[in-house]
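Q: Before we start, here is the structure in question, set down as structure tokens.
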Amino acid sequence: MNDTIYAPATGAGRAAVAVVRVSGPRAALAVQALAGDPPRPRQAALRRLAHGEVALDDALVLWFPGPASYTGEDAAEFHVHGGRAVVEAVLEALASEGLRLAEPGEFTRRAFENGKLDLTQAEGVADLIDAETDAQRRQALGQLGGALSQRYDAWRELLVQALAMLEAAVDFPDEELPEDVAARARPGLEALEAQIAAALVDASRGRRVRDGFRIALVGSPNAGKSTLLNALAERDAAIVTSTPGTTRDIIEVPLTLGGYKTLLADTAGLRETEDAIEAEGVRRARAWAAEADLRLWVIDAAMFHVKQNNELSVLRSGDWAVVNKIDLVDAYRLEELREILAAQGLKVIEMAARKPDGAEEARAALTSHVVEALSGAEFPAATRIRHAESLVEARTYIQRALSDVGLEVELAAEDVRLATRALSRITGRIDPEDVLDRVFSSFCIGK
Ligand SMILES: Nc1nc2c(c(=O)[nH]1)N(C=O)[C@@H](CNc1ccc(C(=O)N[C@@H](CCC(=O)O)C(=O)O)cc1)CN2
Ligand SMILES: Nc1nc2c(ncn2[C@@H]2O[C@H](COP(=O)(O)OP(=O)(O)OP(=O)(O)O)[C@@H](O)[C@H]2O)c(=O)[nH]1
Ligand SMILES: [Mg+2]
């Protein structure tokens, strides 16, 4: 923790400017060695960078004396020209001054260790760096701003109050009937249990905003799934032929719909088959569909017959039927299909995916669906499995405490302590190394 680290903070592609950051006790010496006296704190100064006799670049230099820096330590930044050779030369000069290349996430880890951020805020930093859609950006920024921290800290406070009442009941059994004192902890615990339950419902939404809403295209071979995928993706991502059984591998295409990240998957047509490769494709299709948030059952309007059990077994209530190739059938046939499918409780969309703009109605319907599923009380929502796991644990202990309150006050108090620890783990107030390693190792170098 006490050595001084450096790393490029900007990406590797061609860019006008690259930022190299430094943090640790030798940061001032590093600035001195490359750029002379440190500039006024937090003000950019144009300096000639040199190492020994060798000129490196004309660069902007920033000096952040600790603790008022991102990491809380003495820190500095060199904003150099973006050429690879420039960045390499500056990194080499820093190494020869005895600094060490940072591990992924090490700057933010130091910010966490120095109390600048809690763990959910650090995760917000990582998510902001990975944000591809507006919704991901908003969610990550809220988290960086402490939306989750505040919520979990408030809950923790409720538990501490409940614990105080339970401990009073244990310690001063003569004051009143201890059961009466203990019973005062009950309403707070009940309210908290309800709030955690609601947050768990919300958690899956937060995760889908972060990781993407998953949409599976399923159906018989040759129904037009790959054609629909290509139309929505606006490129030839999947092979389309008139041979049934063309698609075998899952083809995942990221799509942004209404500002939300979605993952659209084309899958092998579902049928019984002797072909081992195709059978594996069908197995993967079913597995992906089972995990998806929505399944679109693509149907060839000309070929459909009622008993397509292979496909029906994959569907869930709320899924959609996409009647494709409507250019091949007449209005009577369409009306018949509409009735059959609606009777199955499926939302019906009709299209000719191969025609220009044939998938636009589907795109519009999907957009509304995703926006409705993922928007709403946008924040706060737990955004990672890690959060949900700790929430489940906390709720279990609170439920157990509630059932013990009237009987065994000491056991109830212990459960409330355990619930407090489960919540503290989310913000990193208690920090087993393995949790921290897991969170920070997913960062990029320089963050
Ligand atoms: N050049 C540059 N741009 C950047 C960052 C950076 O480190 N360097 N950031 C890095 O992620 C983000 C900005 N976040 C930052 C957060 C805190 C501090 C900081 O120095 N905090 C001190 C002083 C605050 C103040 O001046 O009022 C502190 O909290 O004590 C700097 C950047 C995005 N842009
Ligand atoms: N007439 C007509 N043909 C279409 C339409 N959409 C797709 N097709 C044709 O149907 C055939 C099969 O299309 P694909 O998209 O490969 O079907 P698939 O469902 O992916 O098939 P598998 O990968 O075998 O499961 C191709 O010849 C397409 O050109 C449509 O709207 N109208
Ligand atoms: Mg296909």
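Positions of Cβ are set from backbone N, Cα and C atoms, glycine also.
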Q: Taking Arg14, Arg21, Arg386 as the options, which does TrEMBL list with Glu77, Lys116, Lys447 at the (6S)-5-formyl-5,6,7,8-tetrahydrofolate site?
A: Arg21
Q: Report, in whole Å, the straight Cα-to-Cα distance of Glu77 ((6S)-5-formyl-5,6,7,8-tetrahydrofolate binding site) from Ala268 (GTP binding site).
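A: Ala268 (GTP binding site) and Glu77 ((6S)-5-formyl-5,6,7,8-tetrahydrofolate binding site) have their Cα atoms 51 Å apart.
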Q: What's the longest C-alpha separation between any two of Arg21, Glu77, Lys116, Lys447, the listed (6S)-5-formyl-5,6,7,8-tetrahydrofolate-binding residues, in angstrom?
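A: Max Cα-Cα spread across the (6S)-5-formyl-5,6,7,8-tetrahydrofolate binders: 19 Å.
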Q: Tell me, in order along the sequence, which binding-site residues from Arg21, Glu77, Lys447 have their CA within 10 Å of Thr241 (GTP binding site).
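A: Correct set: empty; none qualify.
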Q: Listed binding-site residues are Arg21, Glu77, Lys116, Lys225, Thr247, Lys447; which sit with C-beta under 6 angstroms of ligand 2?
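A: Correct list: Lys225, Thr247.
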